[in-house]
Amino acid sequence: MYNFVKIFQSNFIDINKLSKFEIFLKTIFRIYSSPGRTHLLAHAADISAKYAVRKIYEYMRTDEEGIRILKEKPLLIRQDICFNELKKLPKNTLGYKYMEFLETYKLHAHDREVSHFIKDINESYILTRYRQIHDIAHVVYNLNISIEAEAALKLIELIQTKLPITLLAILIAPFMTPLYRFQYIFEHNIPSNFLCPNFDYTYNDDYNYIDEMSLKQYEYYLTDYFHVEKRESQSFYYKLYKYYFDNLNNSSHVRGSIIYGYQNKNYNDIHYDKLNNEYLYLKNNIKNYFHFQYKPRKLLLTNLYPWAYKTAIQTNKPLHSIYVEKWFDKDIDLFRKKYNITPLPSNLNLMAGIN
């Protein structure tokens, strides 16, 4: 409680409604071109969340666990949580899985933007908690941080919170999700010469690829589909990967994420070709197949959204009103069973799961 009072006092910005509306419009127009700038989404959520947050507050005031959360105002910050201790917990506990997720994707709850524009301290706390709990939602629903997985989680959050900004994310996500994604998966570490011009970017048994689902290998011709003329160049694939890594944090150039897979040591890569305004992926020149192919946009619309809707309505309590910190040392499956949470189905795990 004490920590959040200080956070609230140091972060609240008191501006009039006209200024809030101006900020809202500016952030909405900038979110699409810069989706990686999460503070823009947070500001838009702050300004548009008034009535939804008030409804959440009214619900939590009538719930025993919610009352305790509002009174104590726990936070996922170093002052309240000993994160290093969570790493020492048994591997199937919620706390261990949470830390594994954060370290895999280089995240921290501290990175979540606090509420700035909500005057009521309880309502401001609810919105801040919702953002901090977001990463735990990834863990309990077993969703990675790809665009399609984030969109599925936003649908769950929309049903549980009714926050308008989640609806915006759900509507925009299909337009930002790649049409195709091909994955290049290593069982252990990435070869040291992976970004060297002479690296052979083809399916090679020496690298011990994982094929967990025994999926059919696909023939795919880069030049025929993407009209790329330069792939015969010895340095083409090197330039392709170099461009991807150089622009990884520039969402206007690269739409997508690195997904860490098997044992948190794999790279599954996509590349956005700015010149052709299309997505480019590895072509196997020797065996004429990719290791794994799927269609993220189709997956989102036909599989992830239906699953997210179903699991959200059957979950018996929204995450923000659960004292999840008290569950860190307990089995994650018991947590899911207690609140009737259905994680991502195993058949979708390789595409959108944490693995």
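Every residue, even glycine, has its Cβ placed from backbone N, Cα and C.
Residues annotated as Zn(2+) binding site in Swiss-Prot: H134, D135, H138, E150.
Projection of Swiss-Prot feature records onto the structure.
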| residue | record | Cβ contacts under 8 Å, 6 or more apart |
| --- | --- | --- |
| H134 | Zn(2+) binding site | R112, L153, E157 |
| H138 | Zn(2+) binding site | F101, N144, I145, A149, L153, I354 |
| E150 | Zn(2+) binding site | L143, A169, A173 |
Cβ within 8 Å of the mean position of the Cβ atoms of H134, D135, H138, E150: remaining residues of the chain near Zn(2+): I136, A137, L143, I145, L153
